[in-house]
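Just passing along the structure, written as structure tokens.
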Amino acid sequence: MAKKVAVIGAGVSGLSSIKCCLDENLEPTCFERSSDFGGLWKFAEASEDGMTRVYRSLVTNVCKEMSCYSDFPFHEDYPNFMSHEKFWDYLREFAEHFGLLKYIRFKTTVRSVTKRPDFSETGQWEVVTETEGKQDRAVFDAVMVCTGQFLSPRLPLESFPGIHKFKGQILHSQEYRIPDAFRGKRILVVGLGNTGGDVAVELSGIAAQVFLSTRTGAWVRSRSSVGGYPLNMMQTRWRNFLAQVLPSRFVSWNQERQMNKIFNHENYGLSIAKGKKPKFIVNDELPTCILCGKITMKTSVKDFTESSIVFEDGTIEANIDVVIFTTGYEFSFPFFEEPLKSLCTKKVILYKRVFPPNLERSTLAIIGLISLTGSILVGTEFQARWATRVFKGLCNIPPSQKLMAEAIKKEELIKRGVIKDTSQDKLDFISYMDELTQCIGAKPNIPLLFLKDPRLAWEVFFGPCTPYQYRLMGPGRWDGARNAILTQWDRTVKPLKTRTVPKSQEPASLSRYLKTWGAPVLIVSLLLIYKSSLFLELVQSKLQGRFSPSRILWYIPQNS
């Protein structure tokens, strides 16, 4: 008999969790409190039951080839970066293609999730739901929490002295949808993340003036890179390998140099404060808005008056009408009891950011409580792939006693300052995907690929690390993965080819040639230079009568 799995939430992680359950012959039931699927990607003029929704102008930050489900590419005519409407259309196509909608119970709120009395033997959960005022109870063999990390707005008003005196409008970005109501006003946006940058840029087109306050600064990236290709398509295994083997100081220095080549972040008031961790945001227009004076960068807020803001550097901005906090969200699981509720919000102690460490049975998975240097959608899909195989007993995780001991030890070390708290850091996309798929048995074997299929292996290692790579082998293998990888650049260029133009000759082809072959040629060149230097030393040693046969065998110079 198939195990029953409760999936809470029908957003991007909920949809992939339903599909992963079906792939493993589990029986999913998804509970969604709103009237439609898609989570925050389903735009609404006003929040439904306080749910977070996208603002109208939102455009994706990760290109389509790097942010799709691993066995369901975007259509080739979809733009590389798309509006929320287009992205929701993709989710609809995915749900309809795999027949996921029939497993979703809409307008159903999960009230409680509690362990059954025999949990230590069965791992079962009792889930209480409410639909139109009527409550229902059901027993499930496993639970996947897919409510995301944008439930409860973080509005730290107590951290801002004098804010109770401020007479203007105060709101969190969760309430922001369209800019029309802010026309002609002087606005302060607090917080420089992706949302803060987007909101400030959009408002700068109609506001009298926009001020953007940040404590730490940020590196601002464009969506496009060398040659106009999407920046994310430069995220390769080769680059990831270099970042791991090269000295971290050199990597940081080079990163800073590259960012400042585009524009000097210090001149624009965006540079990272000393001692702070590097933070990157994606925004194509923010530098131009600063350059044109539409947005004024400010330090952190020191004090509020009735209509003015005092900043840490002593400057004062008067006649402020609106303050918008883009200060993020708190993790919230109101349907859990303590201590499970608190443990699940501490993502740093979740085993591989998925499983709570204190459960005797690994039948509860927290899906999507991650920050990545790549697509969250892809990360949640692989979390779900792994979790469903754990539920089925095909993958194992360490005993709860061991996990809890390690979690407590880690928390103690963080409190004592021995190790850093990395809970707010973004995980490296490729490393985390490799880690999860290693558990599944779906991580691509690069050396084997080079032996069996050199063309594919080349694209896998030196090309963009697209999700299709993790469907080449192992459980969940997809027959279309190879073709998807070899045609990913075609789908990238296709939506741009809307006008017939004369074919460019040398510049474009040379650029592509250098991009493809430059790194390998450099490595080979360095090896040749190294071997040449050894050869010259051998010749010199021979001439000086210091020749040793071991030099030829090992290519290692010996002291005379």
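Every residue, even glycine, has its Cβ placed from backbone N, Cα and C.
Computed from a predicted structure; not experimentally measured.
The FAD binding site annotation in Swiss-Prot covers GLY9, ALA10, GLY11, VAL12, SER13, GLU32, LEU40, TRP41, and the record cites similarity to another entry as its basis. The NADP(+) binding site annotation in Swiss-Prot covers THR60, ASN61, THR195, GLY196, GLY197, ASP198. Annotation source Swiss-Prot lists transmembrane segment at 519-539, citing sequence analysis.
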With an 8 Å cut-off on Cβ distance to the GLY9, ALA10, GLY11, VAL12, SER13, GLU32, LEU40, TRP41 Cβ center, who else from the chain surrounds the FAD site?
GLY14, LEU15, PHE37, GLY38, GLY39, CYS146, GLY148
Judged by the number of other CB atoms within 10 angstroms, which among SER13, THR60, ASN61, THR195 is the least packed of the binding-site residues?
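It is ASN61 that, of the binding-site residues SER13, THR60, ASN61, THR195, has the fewest other Cβ atoms within 10 Å.
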Quick check: in three-state DSSP terms, what is GLY196 (NADP(+) binding site)?
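It is helical.
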Using DSSP and three states only, what is GLU32 (FAD binding site)?
coil
